[in-house]
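Notes follow once the structure below has been shown.
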């Protein structure tokens, strides 16, 4: 089923295939034994931040002006790339989008567009520029790195003393497309070099290398990275006190907006009454909200965070209906009602399914109404289809389970890319961008079909990889790891390696697609979609037993409840 909240609890196995519900409902339904929420409604509503006053806004504006002056003074030199990188990693580049856009355009035409200019750039800035320019949609070919190896295919000896250079080349290599062998070699060589260098380095460079080897920057969640990088950058030689102060202040001011979004979502959750009327429903409003910060932490995405939290909660609840509580007969009826989207059809459903359908029906209609009021177009047909597709995919998994069918890995993944819930979540995201015409959004939906598929595939594989073997043994459906073992006779470590390889290959396809679908109206959506992948890889780890509730709780406290500058 769905991945959003799998890691917070372990489900019991599904009810048996021959379980039926008669008029007296003699079948005893299993509870999934979920833990109660760590945060009560009253606690969430009591949260507040002092970083909302006019004084903070005024100070932030003064600091922004100072940074704009820094950017102007840096000119169009290649060194300016380091400033752009710092602004991005500190989480404040969104405040200087126009300045950064102009800078990168000038630097691209001066140094990167024409091969005859490449020899003016040292490897460090080649790698940094390559990463930033590809990230921003510029075409920079892999051949820019042709001479980083000697004729024996080893690293050129003059590179062997510069860890920062190797680190930048390592990070650049994760922006590769399929069949870019120069970048593949760069990744292999730099990974080996950086691992070996750990014994010889210390301080902030040691922290940076360890961090990068755990996960490359391109795969990291921007908000989580900002929290980490602010603390690292503050201790760095030559750091800018202006950047540090602005990054901290902005982090705390934006966190205050997130708190209001969370409180809004929490009130909505209470109003659904699902936590009291649906005994199996999980109260995971805070954890679900954390996902939305992964989509976008920016202040102007408030409506998006509030909407996506509702979507994630509804996905989690439907997942429990299909995975834990419903009999196969009930699930087939329920899927039919969702497909018809007809309130009159709910008479045939058991009471808990009526409550579930009515909650979904009302919430989707409310979202539709809000979009109609704000943007002037009707999105219900798009949303109805996305939710029906999700429920059909859930039903397929339930049918496989009840019939004892073991799908092939490809058969599983075709369905699991839908049941992971990426397509339904991203369909909602299409209508939360700043694009204001339904024609443009329709074009964007068509243009980004491959992106949605690749994002959903990595989302699914990351979820499966994050399922430890113990959890799989307790769980109710086969995952891609087990299916690969079943098909090929591979061991569990071999199967995990294969899934990681698939994730790597799919990232390359996603990178290519991001570069190809380079229209302004799609860019915002593409960034949100890529952030969903990053959030999935962040939330699921790689099957570590300890990656559970306590880890997530610490992230919630760090990102949502604790200001950097203190309370």
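From the backbone N, Cα and C atoms, a Cβ is placed for every residue, glycine too.
Remember, it's a predicted structure, so these values are computed and weren't measured experimentally.
In Swiss-Prot, the (2E)-geranyl diphosphate site is described by 319, 323, 460, 463, and among 270, 282, 514 the residue recorded at this site is 282.
Once Cβ contacts within 10 Å are tallied over all protein chains shown, the binding-site residues 282, 460 are led by 460.
On a Cα basis, residue 467 (Mg(2+) 3 binding site) lies 16 Å away from residue 323 ((2E)-geranyl diphosphate binding site). Residue 467 (Mg(2+) 3 binding site) is 11 Å away from residue 460 ((2E)-geranyl diphosphate binding site) when you measure Cα to Cα. Per the record's binding annotation for (2E)-geranyl diphosphate, residues 282, 319, 323, 460, 463 show a top Cα-Cα distance of 21 Å. In the structure as shown, the Cβ atom of residue 323 ((2E)-geranyl diphosphate binding site) sits within 10 Å of 26 other Cβ atoms.
Note on the motif 'DDXXD motif' (319-323): its mean pLDDT in the predicted model is 90. Within 10 Å of the Cβ of residue 319 ((2E)-geranyl diphosphate binding site) there are 22 other Cβ atoms, across all protein chains.
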